[in-house]
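As recorded in Swiss-Prot:
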TOPO_DOM  1-7  topological domain 'Cytoplasmic'
TRANSMEM  8-28  transmembrane segment
TOPO_DOM  29-147  topological domain 'Periplasmic'
BINDING   HIS122, TYR126  heme binding site
Amino acid sequence: MTRKQKRLSVIVGGLAFLGAATGLTFYALGQKASYFYMPADLTTASVQPGQRIRLGGLVEKGTIQRGQGATVAFSVTDTHKSVKVTYTGILPDLFREEQGVITEGSFGPDGVFVADSVLAKHDERYMPKEVADGLKAKGVWQESKSE
């Protein structure tokens, strides 16, 4: 093998390795991706039972029900549509009615969203970006009254 052929084979091998690494990275990221939806978006989205998504909105007033142990049921709304959510675990301290939340999980076969994580807004001025953008797009955004 000449020097030129060796160099060419090293370059081709390096490019093949880089391409394989890039492909595996995108494949792994695609498997872990969870898409964000507001409750009203779910009517037009093709979300399959078991598919991981993030569901965001406001905790609907009067829907928080504490079950046995650490199980909690509540509804997430964007003021147009509501989705029933169940969660087993410790809720954030700031979780309460009419506050912004993002839940991550999947729909069960019964149509109830089974969350494995719940994130609540931090203070009266903070709202998760996805939730705020979704509420603004639906025309139901309310500015903070504490200013």
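Each residue, glycine too, has its Cβ placed from N, Cα and C.
Using a Cβ-Cβ cut-off under 8 Å and counting only residues 6 or more beyond its ends in the same chain, the topological domain 'Cytoplasmic' (1-7) has no close neighbours at all. For the topological domain 'Periplasmic' (29-147), the model's average pLDDT works out to 81. Counting residue by residue with DSSP, the topological domain 'Cytoplasmic' (1-7) contains 5 helix, 0 strand, 2 coil.
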